[in-house]
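Participant: Structure in C-alpha cells, see below.
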C-alpha cells in the first residue's frame, strides 16, 4: 500500500484511549460525555430575526440554529399566528428545538397535541426522553412506534440502540438486532455506522465498527470507514480522525476527495502542516483539485498553519472564488498580521459582490480586534449597523464587545449590551459570554454575574470569563464558590480556568501565589499551555527568581514554546531582570519570528546592565532591519548611550525621535540630562531642563545633582539640591545627596549643617532589601532584621564570615 504522499515525515498518531481524563484538582461530577474527551469547538450557531418570515423552510432554518428557548417560543407563537398549527414539518422542527433547549415539558406537550406525526417526530421525542435520562419511557415510546403504519428508517436505530444501552443493556440490544433484521437492515450494518457518526454518537459508531468482523462476519467497507473518519472530524475529535484515516489507507482503500475533505479541518485545527502538504500532493497526483471542498479545506489548513503563501497559491490556482474561499483567505491574512492584504481582498470582494452577507463583515471586525486595531474594528462595526441590507448577528456583537473589553470602553459596551437585549441575543452563548467578559475585564463583577445568569447553554468559556472577573477583583472567595458551581454544572476546570486565576494573581501583584498555582497545576496532571507560561514568567522577573524562571523556561523548551515571539520576549525579560544578560541573548537568538517587542526586550537587557556599546550596536541593527522604533526603543537606546558615555550618539538618537514621530517624554529628557551631567557638561544639562516643554521631577533633578557631585559643580548643584528638597522635603535620600555634594567640594561646615538637620528631623534612610530562595521558599531580609525564625543561626554564620573577612584583610 502506497502511503499518502510517499514516506510520511512523522509517524501516525498512536492509538488513543477514548476515556475522558479528569481536568480538575478536586473531585467533581462526571463530565457530560463519559466516552470521549471534550472535542474542539467549531463555533456556536447564530439566530436571525423573524420579521416577515412565513415559509416552512425558513422556520426550519431558524429553529435549527436556535439555542434559546425564549426565542424558540417566540418562533412557536409566530408560527401559530401565521397558520402553521398542525403543520407536520414545522411542528417537528419545533419539537427538535424544545428538546435541544432542554424544555422537556414543552416538548412532550407539543408532541401530545400533534395531529400528524412522522418518523422524524417520533425520533425527536425519543431524543427528548434520552436527554433527560428517561430510558424506560423512551423504550415504551419506541414500542408505540412499531405499531405505527409508516416504515422504519435507518436513522431511528442509532437512537434506539442508545436507549438499549441506558435501559436494558445487551438483551434489549439483541431484541433490537432482531428488529433491524426484520426491517431488512441487518445486511446493511454499514448504514447504522453512518447514522451513528452523522448523529455525533462516535463511541457507539466505533463499537459497532469494531464488532462487525467479530460478531457479524462483516468487513468495514469504504462507506463505513469514511463515515467514521468524517464523524470524528466533524465532531472535533481531530486526532482520532487522522488515526483512522491512516488505518483506512492501511486497510487497502484508496482515499477519495470527500474523505480527504472531511479530514482537512482536523489537520488545520491541529496545525499539522506536514500532513496537509501530503494530502495536497495526493490530491494533485490523483486529479482531485477540481473539488471545491478539498480546495477550501487546503486553504484553511495552510492559513491555520501560518503558511499564507501556499494558501494564496491554492486560492489563486484552484479556488472557485466562492464566499468560503474568500473568507478563509481573509481570516488567514489577519491571523498572519497581513492586515493591508486583508483589506485589499475585502475591497475586491465588495467589487465582485461577495460581501452581501454578514460573514465577511464579521471576519473583518474580528480580524481588526485580534490585531488590536480597535478604531478600525469600530469603524467597520458602525458600517454594518448603518447598512439596511445587512443585519448584525451574534458574531458581530461578540466581536464588538470584545473590542470594548480590550479597550476598557465600558459605556460603549453597555450600549451594545442594550442592543443585544433589544434583539433577544443577550442569552446567546457567544454574545452573553462576550458580555460577561466585558464586565469582568472592567471589574464590574456584579454586572458580570447578572449577565452570566441570563446566558442559556453556558459553556466553559463563559464560566471562565466570570471566574476571571472575580480573580482580577481579588475576590478569591467568589472564585472558589464559582468553581464549585461550575463543577456542579458538570464542567471540569480546564487550563484556561487556571490561567484566568493565575492572571488575576499576577495583576494584583500576588506573584508568589501565581507561582504556587503554577506548581499545583503541574502536580495535578494538567498541562500548562503557552498562555500559562506567558502569564507566569513575569512573576519570576518581578521576584528576580532565577531558579524558578529557569524551570519555567525549561518547560517552555520541552513543549516548543520558547521560539514563540511572546514567550521568547518574556524569557529574555526574565533573564535580564534576574541579571543574566548572556542567557537573555541565548533566549533571544532562539526566537523564531522577531517583532518590536522582542527587539525592545533584548535592547532593554543591554541597557539595564550597562552594556552601552552592545546596546547602541543593537539599536542600529533594529533600524537596519526595518523595525519602526517606539518610545521604549529610544529610551533603552539613550540609556545605552549614558552607560557608554557617548554624548554625540545620545544627541543623534534624541533628535532621531522626531523623524519617527515618537514623542519625547520626561524619561527621555532625564536620560539626556544624566548623559550630559555624567560627562561633565553640567551647564548644557541645566539648559535642557530649562528649555524642555515638561515640568521637571525629582528624578531629573537628581540626575543633575548626581553629575554635580561627580564633577564638583557647587553652583548648579545647589540649584538642583534646592529643587529636590522643595519637591520632597522629607526624603532622606535627597538630603544625603546634598551632603555628598558639599563633601565633594570640601564644604565641611555646610555638610555638618545638613547632617544636623537630618538628625533633628529624625530622618532615616529606607533600608535596602535582600532575598534568597532555598528549597522553593523565599526568605526576605533588611538591615538589622531579627524577625526570621532562624535569626540566631543566621547571625552566628554572619559573625563567622565577618571574622574571616577581617583576617583576610
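Glycine is no exception: its Cβ is also placed from the backbone N, Cα and C atoms.
In TrEMBL, annotation is done automatically, which means it is predicted and not curated.
Here's the feature list from TrEMBL:
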REPEAT    87-121  repeat 'PPR'
REPEAT    221-255  repeat 'PPR'
REPEAT    322-356  repeat 'PPR'
REPEAT    357-392  repeat 'PPR'
REPEAT    459-493  repeat 'PPR'
REPEAT    494-528  repeat 'PPR'
REPEAT    595-629  repeat 'PPR'
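Context for these features, please: burial, neighbours, distances.
Facilitator: Looking at the repeat 'PPR' (87-121) alone, the prediction's average pLDDT is 83.
Through the fold, the repeat 'PPR' (322-356) approaches residues 292, 295-296, 299-300, 302-304, 306, 308, 311-312, 315, 363-364, 366-368, 370-371, 373, 389-390 of its own chain, all at least 6 residues removed from its boundaries and within a Cβ separation under 8 Å.
Tertiary neighbourhood of the repeat 'PPR' (494-528): same-chain residues 21-25, 460-461, 463-465, 467-468, 470-474, 479, 483, 486, 535-536, 538-540, 542-543, 545, 548, 552, 555, 559, 778, selected by CB-CB distance under 8 Å and a gap of 6+ residues from either end.
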Participant: Is the repeat 'PPR' (595-629) packed against any residues at least 6 beyond its ends, judged by a Cβ distance under 8 Å, and which are they?
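Facilitator: Distant Cβ neighbours of the repeat 'PPR' (595-629) are 565-566, 568-569, 572-573, 575-577, 579, 581, 584-585, 588, 636-637, 639-646, 649, 653, 660, 662.
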Participant: In the same chain, who gets a Cβ under 8 Å from the repeat 'PPR' (357-392) while lying at least 6 residues past its ends?
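Facilitator: Same-chain contacts beyond the flanks: 48-49, 323, 326-327, 330-331, 333-335, 337, 339, 342-343, 346, 349, 399-400, 402-403, 406-407.
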Participant: Per DSSP, what is the residue tally for the repeat 'PPR' (494-528) in helix, strand and coil?
Facilitator: 27 helix, 0 strand, 8 coil
